[in-house]
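Copied over from TrEMBL:
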- 129-147: transmembrane segment (TRANSMEM)
- 167-192: transmembrane segment (TRANSMEM)
- 213-236: transmembrane segment (TRANSMEM)
- 242-262: transmembrane segment (TRANSMEM)
- 272-292: region 'Disordered' (REGION)
- 309-326: transmembrane segment (TRANSMEM)
- 354-374: transmembrane segment (TRANSMEM)
- 386-410: transmembrane segment (TRANSMEM)
- 422-444: transmembrane segment (TRANSMEM)
- 456-480: transmembrane segment (TRANSMEM)
- 486-508: transmembrane segment (TRANSMEM)
Amino acid sequence: MDLIAQNRISGIPRRRSDASMSLCEENSESRQEDEGLISAIELERGKVFAGKRDEYPPWLFGHPKGLYVLAATEVWERFGFYGMRSLLILYMTQELFLPERRGGVWGLGMLAGAEAEDVAPQVLASRVYGLYTSAAYLVPIAGGFVADHYIGRRRTVMAGAALMSLGYLLLAASPNALLGALALVAVGSGALKPNVSSQIGSMYDSWDSRKSTAFLIFYCGINLGAFLSPIVSGVLHATLGFGAGFLASSVAVLFGLAQYLAGMRHTPPDWRDAEGRRARSLSGHGKGAEDPRGRAPFLQRLAMHRGRLTAIVLVCLLTVGFWSVYEQQGNTLPIFADQEVALHLGPVQVPTEFVQSINPLFIIAFTPLLSAFWRRQAKFGHEPSSLTKMSMGCLILSLCYVWLAAAVWLTGPSEKVGPGHLVVAIALATVGELYLAPVGLAFVSETAPEDLTAFVMGLWFIASSIGFYVCGALGTLYSWMLHGSFFGMLAAIAAVNGLLLMIAKGVLQRALQNS
């Protein structure tokens, strides 16, 4: 029985027996009172459990239209993001950062320092890649803050899509504006991505079992866009050049923005809008339009939960090594695939960009298999804890680079590595990602104090951002080390990260339980 119903029961006064009332009459009136009480309880339950299902009625597969509007928006946004990502490192190393061209790139001298003319293209490209990916995962914290406190989620999503499209267009039209274009893409992505995700959460009550399925549909949409875009970008690059691939990313995001505007009425309203104020006034169910004001002071909330927050911060920091190694898939791995892997199917040469479609394809394939495996483990009481899974994710990622190092060392100096080795390595990296990324995100979300969930999620993204910056720094060593040794170094970093998580697991779990 829900709490509201219990309160109603305790608040109903009981009638006294009248001396002149017969026993039959007393029993009859008591039954009427009980029936009225049961009706009141059922009515209250109906109000509570209807909740957001009434606001956002099911449309397809039991989910509201708003979910599919937001998922489609994210498909197009990720199509643009990963299409550009598949081209970026190749564009910088093969064209833009060649000694005869790099001088015209605005701001590159200030970024690279006095030695910019003498730095290898790959080293410069890795630095820029690290800064860009780091910013792309740091800005979402500001994007959520701006949406919550100033202009609302809908306007922030629209502004983010416009900035991303403009950034991709600038990449296609003005190569010398590379750094400014990447800044626009990072800011736009940071504005759009967190606010699309939070709108999905706002369409479901916390107890609604459909919520996890909704995010699974959303996650499939992300990986669908990530799978298709490198293929399209690779074909366009091979036939029309890099500019055509960047232009495709710009157009894709505009498609996403157009369909978001067309279906925006099905998404949760912003709390500042008149529509949001109306929703908030209806039976207390307008949680898609929550007003963030009226909370306890932020520093006071931090002090109240300092023990738990300290443990969560340590968990986040213990993922930095993982991300610095994992994100080499967008940094040094495309260069390795382009120069040292025999990318062909029979007589047909496969564009290097296609390699970046392998990871999202494996995510789509492996996610249900791993979910079933974990459910089976849980059924027999053998499912590892979240921190153990995260440690295992680091160790599996380490195996990815052990495999690549062995492939390089066992390949003759005049030969290229077989494509099967690359596929196996990416498969291992994907399993490692699935053991750490969604598990860690869920762990941080579940252990976060209820009134600091957004702040704690921000800590997770800050740790990812640091990891991506370190990824760029590590990538600069690729040109100076034997490639087998470079991959061995990455394997060691991931393995040490996993061991540190395993060692710290007991302390962290006790800290979380005692706080």
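All positions are counted from 1 along the displayed chain.
Even glycines carry a Cβ here, placed using N, Cα and C.
Any TrEMBL annotation is an automated prediction that lacks curation.
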| Non-local residues, at least 6 beyond the ends, that sit with Cβ under 8 Å of the transmembrane segment (129-147) | 88-89, 92, 111, 153, 155-156, 160, 182-183, 185-187, 189-195, 198, 270, 327, 330-331, 454, 458, 461-462, 464-466, 468-473, 475
| To the transmembrane segment (242-262), which of 213-236, 386-410, 422-444 is linked by the most Cβ pairs under 8 Å? | 213-236
| So which residues does the transmembrane segment (309-326) touch in its own chain, when a touch means Cβ under 8 Å and the partner is 6 or more beyond its ends? | 302, 387, 390, 393-394, 397-398, 401, 429, 432-433, 436, 440, 443-444, 447-449, 452, 456, 459-460, 462-464, 466-468, 470-471, 474, 490-491, 493-494, 496-498, 500-501, 504, 508, 511-512, 515
| field | Within-chain partners of the transmembrane segment (213-236) [C-beta distance under 8 Å, separation at least 6 from its ends] | value | 61-63, 67-68, 70-72, 74-84, 86-87, 197, 200, 203-204, 244-245, 248-249, 252, 351-357, 359-361, 363-364, 367
| query | Near the transmembrane segment (456-480), which residues from the same chain, at least 6 beyond its ends, have a CB less than 8 A from one of its CBs? | reply | 120, 122-123, 126-131, 133-138, 140-141, 144, 309, 312-313, 316-317, 319-328, 331-332, 335-336, 440-441, 444-445, 448-449, 486, 489-490, 493
